[in-house]
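Okay, structure first, notes after.
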């Protein structure tokens, strides 16, 4: 997204753009592998494992939550022990094992229940063994794919010295991620729905294997960049804070017996360095902003699963010979995100720079994402109301397998809105955390957005279960439910969360402004003391 993307950094001690093809190649391969099974998991569970629709959506949300939480564990291991390269390589191998096992469930008849017609009440449920194999495959695939996704992002950003180049890398990283996802959501899902599940899962395993092989060619300029140096390696010693969270300074206050006569620490568990205290203070300051991301992503998790269920009940024919796979409907989120990542980088950011005199800050980009996300939920509610009215007009409430005579293309506007919102708030959050987190937690910083998504998927699962228990909005036959009310409830959540975010953003003071001011859209100016939504 910058004309210099193919130019190596002359004189840089890091890998620079030379490593870019290898890292993005690995990202593309792993994303193709993951999207091939995760995007179509609900349909696979319903058609091949005889799981009820809402239960299938819940299982899919849990799997997506695991897929998004495991990057945090991988990031901690990378920052503390092994480094990004080894964590990414090991995770890719684990992912391969999971996808191969998942392909076996589609290949061997003994690993899945007997088939039955959609909506039949006489379907044979999966056995305990079949569930065990399925859940083991999903767990391994989630651990592997999740452990490598954002570790690769940090490994790529570490190859650049300038924050502006790091910002350009993040744009290209997300562009590659979403483009590969779009390809898997269409090509591989189409193969699964129209040819065979075993072939689709087999292709996922092959792309995972190729990604695993390519990563062994990545050469990092220095292994020490993934580790914490301690006091001797710190360029600037942290000064005790006189303002916020001053009580934390007690952790670094020397008392009798803490330090030996030669200056070494006698009891490491009793005293911290001021740098460690300052690092903790940075994390506490950014925590409120981070929490708003959870309630930003929760509606997206609920919308993604309900949209697939809606698509299963709608007319998916495009012309006389083509039918859109229901698992591919979410590809329009990815397409709109990929397109707008380019538009933002090439047009909107330069226009903003011309009109305002500075690039949009991460907080401003996140704020725009909040607004667009809420608009998407409102659009979803209106479209679902129209679908229910048509279903009632044709007396389809008591026919679970019936198709409502309404084109699935009515779902496109809401998906486009949420995709455009993701183009604003996802890169904005990653850039903010990478810029504001302590230097010793850079891998963890890029995984924080994944942790948000993981928690959001688990929270969405809990909320859907709560709605099912206390209301009649989400029966297995959604033609007889009120999914539109669920979306209106998400609109209320979005409005309240945006108000909370606005207060947090207005009171937030950038901690590394000078370092991030060059990062075309990833930092503020030297005169910008407070974040602006």
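Placed from the backbone N, Cα and C atoms, the Cβ positions cover glycine too.
Record note: among 223-242, 243-262, 263-282, 283-302, 283-302 is the stretch given as transmembrane segment by TrEMBL. TrEMBL lists transmembrane segment for one of the ranges 20-46, 371-397, namely 20-46.
Remark: the transmembrane segment (20-46) contacts the transmembrane segment (322-344), by the rule of 3 or more CB pairs under 8 A. The stretches the transmembrane segment (283-302) and the transmembrane segment (485-503) meet in space: the count of Cβ pairs below 8 angstroms, excluding pairs fewer than 6 apart in sequence, reaches at least three. When each of 128-147, 322-344, 446-464 is scored by its Cβ pairs under 8 Å to the transmembrane segment (168-191), the top-ranked stretch turns out to be 322-344. Remote same-chain residues near the transmembrane segment (128-147) are listed as 30, 33-34, 37-38, 41, 49, 63, 66-71, 73-74, 87-88, 90-99, 101-102, 104-105, 111-113, 450 (criterion: CB distance under 8 Å, separation of at least six residues from the stretch ends).
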